[in-house]
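Enquirer: Let me begin by handing over the structure; questions about it come next.
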Amino acid sequence: MKTLVIVESPAKGKKIQDYLGEGYKVKASFGHIRDLPAKKEEVPAKYAAEPWARLGIDVQNGFQPLYVVPADKKKNVAELRSLAQEADRVLLATDGDREGEAIAWHLVKALGLKDNFERMVFHEITREAIQKAVTNTRPLDYALVGAQESRRILDRLCGYGVSPALWQSIGPSLSAGRVQSAALASLARRELARMNHVPADYWRITAQISPNEGCEPFNAVVVSIKGQALVGPKDYGSDGQLKADTTSLMLTQEQAKQIVDFIKGRGVTVSGVETAPFSTKPPAPFTTSTLQQAASKALKMGPKKTMDVAQKLYEGGKITYMRTDSPALSDEATQAARAVAAALFGPASVPASPRQFKAKGNAQEAHEAIRPAGKNFVAPDQTGLVEDELALYELIYRRTVASQMIDLQGNKTVLHLKSGAVGLQSSGRVITELGFTRLYADDSDKKDEQPLPNVSEGAALAAPDAKAELRKTPAPGRFTEATLIKALESAGVGRPATYANIIEVLKNRGYTALVEGKMYVTWLGLLVAAYLAEQFPSLVDLAFTVKMEEDLDRIAAGQMKREEYLTAFWTEGLEQTIAGAKHEAPAVALSQFGVVVTARHEQVVMLKDGKSVPLNLDIVPDSLTAEKVEQIMSGRPVSRASSPKSKGGKKPKAKGRKKPPTTLELPEGGV
DNA sequence: CAGTGAGCGAGCTTCCGCTTGACTT
């Protein structure tokens, strides 16, 4: 054996072995092989007494990290080491991103490589790409490794630095971190906005309009009276009061009824017609984040389940790698997608030149999009897959092929109507070309689909029916697991390998849970978020990661020193904030009920007039009513309201956690 | 004198990101 090639994923290794053939041995690292010690028992005895042993970073001494090989990686590392000793040279073919560069460097250290190693990078797994990569190796990029180490150290300092403040202020085993705390804060802001939301009324008046010549009737909405707009949701603040600067008209019930009768009696005339062609491009091929969103919507599959199923498809050679932030297709995939579309819907269903998709933001693009594997896509019914795997494969297949199809096209029409001083409007559209929606469509492609008749200005139309509904302004909607991931991704927080995991952490800590498929924040989550927002405002700021990424880019470009950056962040910043943080429980005041929710003796409690009662975390915060508060304060059990089918038997328990904290009532506490 | 129980103190919890199986719910 001459050359040892080390990749991150064993499934990837197998294919590359095929392409490289004899003379090469391809093995997998299985991700990272060394890390900071997770707990004290991982710290080697000679360092155990050091003051920095708990952090695993000698902050006084240039932020020197202590790396160990975790127990479950030892066997693999030993095997790689002996293979490396027999090899003439070692190609470090880990992923072409910051983490991959760091894994390569850790391999150099852990395997004791001297100077017989080179870095090999590729972005797609085809025979050509691999053979080219083997002959175009480069040296290790130590500045990029330094950026990754900075990221790792910063995350450790945030997480292990701030979490103890939560133990001292609220309860044991709680956690904080750059990613999870930003996510929790986003959820908590939304939850509080819902709790503080005061619904306000507005009238929505609609009319059914009947065109003269035997056409289908269509719907129109009243938008103005004597040119003055009607009050709608936009005119109210979150306090339920009309905004001071609104010029809109609020109707009384009497007036609304009069308008209904007026329209019915009088009919409408067409006062304007606007018609314009529209076209909608197909969505880009899947990244991890968009796959999770689509699977959630179309298949009702949560992010974790989606990733488990995708992993199976990947290992079975059905799809490309499922942890990616790039929507780009390789040339072979682009051709395959076009060929499928042309075969299914004819050559006119694909545009003359292939579509290209590029990632935006801080994507690292080490892989291509998630798509059917190979240079010829296997049709879903030919895969032999069943159930979840089939459903997810088909979703990926359709989305990939659709991305290379022509636009959805049609004409959008807005009719302006008048009934005396009452102004109405109706919009609709006519599809002239289904385009990619023949293969892949979601609800957003189906808006305003009513066809409108071909009428011209001045035409008089009957209004056989009209009605007025009193509506209430809706509270801001909750996040689903998938929409939270979308929000995090667009803020640059988290990575494809961690999106699903972020959600699991929030659930396992008891910070969030699901009601009717939506994420809500528990009382515990609200307290943690409140404490962090007060004592560690930068940690709950979504923009923090963006700033960090900019600094890491500077370190990777050699424009900033690692130690300088970490000194500014820790020694001159967070370390002092931690030292100055108050160790007292935060409080969420519910002034409308005259109670306060806080923590006492490591329990979440509700306080009223000096009396404190433990609070069950199953009670959804925004489901509280005065009666419920009464019931809680009198010590009677309260069931959680808005979920009719609460699953009593299911216990989402932390994986690595031996025993959940018993002093805090976590959601699984039941009873 | 032996068994019990209150009280006290020590030790532990925790991060993000990269990968799969090994688990015990």
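From the backbone N, Cα and C atoms, a Cβ is placed for every residue, glycine too.
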Enquirer: Checking feature assignment: region 'Interaction with DNA' per TrEMBL, candidates A:145-150, A:175-180, A:283-288. Which range matches?
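Expert: In TrEMBL, the region 'Interaction with DNA' feature sits at A:175-180.
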Enquirer: State the residues, same chain only, that lie 6 or more residues beyond the ends of the region 'Interaction with DNA' (A:175-180) and have a CB under 8 A from a CB inside it; answer 'none' if no residue qualifies.
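Expert: Distant Cβ neighbours of the region 'Interaction with DNA' (A:175-180) are 154-155, 158-159, 162-163, 165-166, 488, 493-494, 498, 502, 505-506, 509, 528, 532, 536, 539, 544-545, 548.
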Enquirer: Taking the Cβ of each of the recorded positions and counting other Cβ atoms inside 10 Å, which one has the highest number: A:Trp167, A:Tyr321?
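Expert: The largest 10 Å Cβ neighbour count belongs to A:Tyr321.
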Enquirer: Are there any residues in the same chain, six or more apart in sequence, whose C-beta is under 8 angstroms from the C-beta of A:Arg323 (site 'Interaction with DNA'), and if so which?
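Expert: Those within reach of A:Arg323 (site 'Interaction with DNA'), by Cβ under 8 Å and sequence separation of 6 or more, are A:Thr288, A:His367, A:Pro496, A:Ala497.
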Enquirer: What Cα-Cα separation, expressed in whole Å, is found between A:Arg152 (site 'Interaction with DNA') and A:Tyr321 (active site, O-(5'-phospho-DNA)-tyrosine intermediate)?
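Expert: Given the Cα positions, A:Arg152 (site 'Interaction with DNA') is 24 Å from A:Tyr321 (active site, O-(5'-phospho-DNA)-tyrosine intermediate).
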Enquirer: If you count the other Cβ atoms within 10 Å of each Cβ, which of the recorded sites A:His32, A:Arg151, A:Arg152, A:Arg509 comes out on top?
Expert: A:Arg509
Enquirer: Which one is closest to A:Trp167 (site 'Interaction with DNA') in space, judged by CA to CA distance, out of the recorded sites A:His32, A:Arg151, A:Arg509?
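Expert: Smallest Cα separation from A:Trp167 (site 'Interaction with DNA') among A:His32, A:Arg151, A:Arg509: A:Arg509.
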Enquirer: Return the residues near A:Asp155 (site 'Interaction with DNA'), defined as same-chain residues 6+ apart in sequence whose C-beta is under 8 angstroms from its C-beta, sorted by sequence, else 'none'.
Expert: A:Gly177, A:Arg178, A:Val179
Enquirer: Tell me the Cβ contacts of A:Tyr160 (site 'Interaction with DNA') under 8 Å, same chain only and six or more apart in sequence, or just say none.
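Expert: The list for A:Tyr160 (site 'Interaction with DNA') reads A:Arg54, A:Leu55, given in order along the sequence.
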